[in-house]
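Read the structure below first, then the notes.
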């Protein structure tokens, strides 16, 4: 029986269970699988249970369901999962559906019983740690959730913030260019309002700091993803990050690095929205431009305090899935290769590996179980092999994760990138020619390899030899990405081995 080489490699790459209080340095080498708890896996293991995204109702995903599908996640080489918020939500079915997503909390000291019990959440943490994997939990400090108009909120339903005194006065954000409005006014609308906590008040601040430390400790959490970071004043975040005692990565939904990067001065990392937009635009069609992506890689590298602690992604529950723009599988493979081999921490959204194509929320919140969890789909296999070479490079090169990705050059359809110290570098060649792209040989200069050196292309498991002039002859075909690594460094790795 033939077994995929990345399965053999990943099976052998078991690490010690992580200690608590995982540091930013610990997280640099992780690869994250992001999932909505309600939409990933059910306790009963069903792959047919109905989940109509348009209904916006609970579909039955649980923490126990996740535990039962960790083989599926780890089989792609992921070393961490990020789950949606765990706190108790507003109980009503609103005009916008249920709070299945977890961002309409009402009681921060109780868990969302739809997902399971406290013991179930602890069991998920333990199950991950037994595999040497990390648990990241989504948290919300900016707001609570209310079924009704912002002008008529019953504040007594919120725990522990049970009076209006804990909140900013009611006003909806009208102008996102006004940072005071962004921080002090409310998200939501008069159907579901999101009362905005006044985090400038010591009583609110101290409550959150105590709560987040307890949450991390009680459930052995290794990292936090923080929602709506730009809607809270910056001086709140250093104390929150410190109280958590683990790596914190914030959502700052803005593509301008001049706006987004400074938030890394107040917490460990942020989601890399500055890269998201040019990455999407470069690959969502065969006419996309590489110029903006090339320039933004360099801008983020120079302007953000530490680009190696950012989260790289192209899909999540807030933005349309990549396949909603194009069904070209070659373009999807290039985007996935970029995410995993760029600077920072790769983040793949559940369903991306099955080429899910949901558009705007709620269509992009499909149930993963309806795919049947196949492990032989093209993107599942590509993600597994890309994570495998990244994990291997990290194990062999202590400087890999801190070496900042260098785009070697760009043209209308191609961008090659280099990451890793001399002699151990990975060179990734990305193309947006698409599945109908022609076959040709790219003569690549500037990759840093030596004349006569043999390289393995670890997607197709072929080899090339560096020319006497130092150029690498890279066979390109079908618009597929290429990933090069020194052949001699692969000895004993099982990478590109079928035995």
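Every residue, even glycine, has its Cβ placed from backbone N, Cα and C.
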Recorded Ca(2+) 1 site member, picked from 165, 196, 198, that accompanies 142, 183, 231 in Swiss-Prot: 196
Which of 56, 64, 174, 425 belongs with 104, 143, 225, 230, 231, 255, 318, 365 in the substrate site listed by Swiss-Prot: 56
Where the record names 56, 104, 143, 225, 230, 231, 255, 318, 365 as binding substrate, the maximum Cα to Cα distance in Å: 28
Fewest other C-beta atoms within 10 angstroms, as judged across 59, 185, 261, 461, 496, which are the disulfide-bonded residues: 461
Those residues of the chain, 6+ apart, with a Cβ under 8 Å from that of residue 171 (disulfide bond): 181, 184, 185, 186
CB within-chain contacts under 8 A for residue 304 (disulfide bond), separation at least 6: 257, 260, 261, 264, 274, 310
In the chain carrying residue 255 (substrate binding site), residues 6 or more apart in sequence that have Cβ under 8 angstroms from it: 273, 274, 276, 277
